[in-house]
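Notes follow the structure.
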Amino acid sequence: MGIQGGSVLFGLLLILAVFCHSGHSLQCYSCPNPTADCKTAVNCSSGFDACLITKAGLRVYNQCWKFEHCTFNEVTTRLKESELTYHCCKKDLCNINEQLENGGTSLSEKTVLLLVTPFLAAAWSLHP
């Protein structure tokens with residue numbers, strides 16, 4: 001098998017990698033009603049690529065979530081809660097209560113930091 005054969009083999013492997021997937025779905029803790037001690041693990045449906053844990057007062061929500069919806073506005077709207085803390089993650093069974101209790105940061109805090117940093121850098125460079 002020369003260079004051309006190697007290219008064909010590489011092309012076939014690439015096509016297989018694109019069209020085949022492991023079939024593994026994300027596992028999250030998910031309970032139908034808010035509870036502080038959710039231990040029910042579920043395989044998330046297709047399209048749900050994140051786990052969410054949310055604390056609103058004494059209510060704790062655990063569920064599969066779309067990572068693109070991991071914003072404060074989306075979470076408050078979908079859960080119909082006005083004040084809450086939340087944590088989105090993309091690893092199996094990562095939405096445990098300790099994420100919030102140990103100071104897990106919300107996506108919105110990280111986003112604000114990422115948005116503010118360039119403005120601070122620009123202001124610093126303009127300062128005489």
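Any Cβ shown, glycine's included, is placed from N, Cα and C.
The model shown is predicted, which means the values in this text are computed figures rather than measured ones.
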Candidate cysteine (Cys44, Cys70) that Swiss-Prot pairs with Cys64 in a disulfide: Cys44
For Cys31, which disulfide partner does Swiss-Prot record out of Cys28, Cys38? Cys38
Among Cys28, Cys70, which cysteine does Swiss-Prot link to Cys51 through a disulfide? Cys28
Spatial hits near Asn43 (N-linked glycosylation site) (Cα distance within 10 Å) out of the disulfide-bonded residues Cys28, Cys64, Cys88, Cys89 come to Cys28, Cys64
